[in-house]
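Colleague: TrEMBL lists these features:
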TRANSMEM  6-22  transmembrane segment
TRANSMEM  29-53  transmembrane segment
TRANSMEM  98-118  transmembrane segment
TRANSMEM  158-186  transmembrane segment
TRANSMEM  220-240  transmembrane segment
TRANSMEM  276-292  transmembrane segment
TRANSMEM  304-324  transmembrane segment
TRANSMEM  330-353  transmembrane segment
TRANSMEM  365-383  transmembrane segment
TRANSMEM  430-449  transmembrane segment
TRANSMEM  478-496  transmembrane segment
TRANSMEM  508-526  transmembrane segment
Amino acid sequence: MFLADILMIMVICGIFVFRLQIVDTRSELVALTVLLGLGLKSLFIFLFIMFRVQPSLDLQLILTAGALLTYILWLWPQKSFSSIVFKFKQERFVHTKTFGIVGVLFTLGITYAFYFPITGADGIWYHVKGMVYFHEARFDSERIISQFRQYPPMIGLLYAWLISGNIERLPIIFPVLYFCLLIVVFHRLWDHSKNSKIAAFGTLVLGTTPYLWWHSFLPFLDLTAAVFFTSGILYWFSLLKKNLMSPEGINIPQNKSLAILSGLMFGFSSWTRPEFVLFSALPLFLLVCIFDRNEKSTSERESIILRFGLASLILPSLWFAVLLNFDGPLYSGITELVMACVGLWLGFGLILSKVVRFPYKISRLVVITSATFCLIGLVYVLPPDISLWNTLSIRVFRFFAVHIFFTGTIFLVLFVFSEKLEQLALEEKTLGVLLLLLLSAQFYLYAYSGLKWPTLSHYVENTFIHPGNSINLSDTRGALAIYPAFVFFIFCFHNIRDKIRSGRIRWFLFAIIGVNLVVIISIFAGPRVKYMAENLSKSYEELAESSGPSDMSNQFKKTYRVAHQLKKHVVRDQILLLPPGNREGSFRSVMTQVLFSQRLIFANDSYLWKNFKKRGSPPLVVTKQVGGDKLCDESEAEALGETGFIFCQADKVHFKLLK
């Protein structure tokens, strides 16, 4: 049933992509079908939860079959449906050495995603979110802490889909996203440069970027947002290019298709990380600027902007509407993003009605004014104990320092200083402007988000001396969404396109790829293979109790031992009273993940007494030692293996000791 559901989703999306008539190779068609298929499936699961219906596999199958039948019946009377003849170009990607190298990296990613359990702090909560979505069909469950409950739902929705099919290795989707991204990048580069060697080199540099590949098997949401956002940028770039053609060469139906596709990709990125709703506004702004660069409006201005804007704004707006119906307060930053989304809809309406136009001088003034207001706003937003100078110095340092984690790929920036940028085509210049605007937006966004450490010296120490402390900060992970577009931009340069066959350029690119591969093998792939070889005999549960690989150590190994021992002694729906969930080495995330089928109550829950009165039977109590908090009598306590924890059956007399 699960495979049948996948097949029907792929058929729906395959037909949709086929009818757009914007791809001319089978591999790009398949990659786009997979990306849109994941997005569509997340939307279907979202609809189930909206109506509080458990997304069981049989109901999913009915909905998917109904959607496929409806789509075919709608297309059947249309002449274009039966008359389309699409000729594919000969495949190049699968015949390149690039395909072989990234294929090995993809295989390693699949292996790691399948072998290693989800034990990362954020990854555990996304796993819990998927279980809540599937079993409870609720967005506002108190099982999920407030921050993760209010994060956009896409990863949780996809996890819920996999859980419905009894798929335990949930991170398996991330290597697939990584490979689809590389296919899209290759074909967009090939389409623009008309040179498969350029496309192969660019794709290989990107595919071997250590930080990007590392995230291809980590159970976080950053790669997903980056894949969809980058795909949106690349098809947005194609849209710009086609709109800048001579009037007789413009293909209006194809431009409308590109507007829908790129807008959907931006929408799915915002469906994954909330701040991407702001980043997605920048391509819309530049698209309007391109249309408004001349005084006379083109006939398709409104139709293309309408399709692009609706496709990019509807999904994040749906999620923000869900958040506004939550009972509790919104998490810090979410309120501002909701207000920004409302502002984007207002601006979108003004643009469509032609009340607002952005010719060159006006657009430049808007950018300068916005940057100035953002800088002034920091003075009023920052807490009194944090100086503006300290914040700006830290942000400037991190602006440059994050790129050390992208290893050799950052050296592509050297081509910027040797390229005659004024000779670039207008669409290439616009892409460069977009990259600068994205960097500026991230600079201000993270400046407003506060500081993890109080001084610049702390950041320097944790970047260069203890890089593991800063490798997964928000600004580093945010750069993932920029690097694929940055690589694409660099490979548009004439210095590379015209001199790729020369020894100096060629060997420089080989050096970048070589450095990237050395880092991948020595820091990530090699140690993980060694770890797997040393732990082949361990079960999936035992792996969760181990220290983990060196690049992602398991900080919850002791908690997993307690959880797995406890799981052996409880039955389904057993009420468990656990220590406070906010102590160091928090119980909450791991216990919720492992003991999801039990009724968990943490000692610091605000609804503790209400739950105790509601449930008639006394709970099992888990505590660290006998006699310390007097919750367990020594005669009744039972040890949880060698974890140092015990459990016992509590009564109301013991329970009152918590007050």
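Any Cβ shown, glycine's included, is placed from N, Cα and C.
Because TrEMBL annotations are produced automatically, they should be read as predictions rather than curated entries.
Here the structure is a predicted model, which means the values were calculated and not measured.
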Colleague: Same chain only, please: residues at least 6 beyond the ends of the transmembrane segment (365-383) with a C-beta under 8 Å from a C-beta of the stretch. Say none if there are none.
Modeller: 285, 358, 391-392, 437, 440, 444, 447-448
Colleague: Same-chain Cβ contacts of the transmembrane segment (158-186) under 8 Å, 6 or more residues past its ends?
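Modeller: Apart from its flanks, the transmembrane segment (158-186) reaches 1-2, 5, 27-28, 30-32, 34-35, 38, 41-42, 45, 49, 55-57, 60, 93, 98, 102, 106, 109-110, 113-114, 116, 118, 123, 126-127, 129-131, 133-134, 199-200, 202-203, 206-207, 212-213, 215-219, 223-224, 226-227, 230-231, 234, 484, 487-488, 540.
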Colleague: Hey, would you say the transmembrane segment (220-240) packs against the transmembrane segment (508-526), going by three or more CB pairs under 8 A that are 6+ residues apart?
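Modeller: The transmembrane segment (508-526) and the transmembrane segment (220-240): touching, no.
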